[in-house]
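*Asks:* Attaching a single structure in structure tokens format; questions to follow.
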Amino acid sequence: MKKLLLVNGPNLNRLGVREVNVYGKGTLATLEADMKQEAETMGVELECFQSNHEGAIIDIIHEAEDIYEGIILNPGAFTHYSYAIRDAIASISIPVIEVHISNIHQRESFRHESVTAAVCAGQIVGFGFYGYKLALFALMEKLREA
């Protein structure tokens, strides 16, 4: 059975509480449960990880290459400035799909740039929690192509 990793970055543990007008009322626990269920219907095991710490995210990206076949990543605010996470993604051979709940290109100007997207297989933004499912579908297609 294929194993994939879902990584959520800083403040995503506050889903359902933080800026519900932007991120919705759903919680991280709900998102993770829904994603695991969706993955299971595709015959895939999905493990979930969330951290507010850049180094922890870098560590799990490095470790993922030997354990998982691909990563779905929401780097949160690290998207816009973490060259360290960008370099971690670039250093591994498995595909990474970047996902964002909101459309980062329609928000504050400092959110418009993603330093991580260029080293990801693709980026999905603005579809709420459904964007994570789109990322899962895209990642599975990417793995089929390989």
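In case you wondered, yes, glycine gets a Cβ from its N, Cα and C as well.
Okay, these came from Swiss-Prot:
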- Arg18: site 'Transition state stabilizer' (SITE)
- Tyr23: active site, proton acceptor (ACT_SITE)
- Asn74, His80, Asp87, Ile101, Ser102, Arg111: substrate binding site (BINDING)
- His100: active site, proton donor (ACT_SITE)
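Can you walk me through where each of these features ends up in the structure?
*Replies:* Counting only same-chain residues at least 6 apart in sequence, those with a Cβ under 8 Å from the Cβ of Arg18 (site 'Transition state stabilizer') are Asn11.
In the three-state DSSP scheme, Tyr23 (active site, proton acceptor) falls into the helix class.
Around the Cβ of His80 (substrate binding site), 16 further Cβ atoms fall within 10 Å across all displayed protein chains. Classification of His80 (substrate binding site) by DSSP places it within a helix.
Every protein chain shown contributes to the tally, and the Cβ of His100 (active site, proton donor) ends up with 26 other Cβ atoms within 10 Å.
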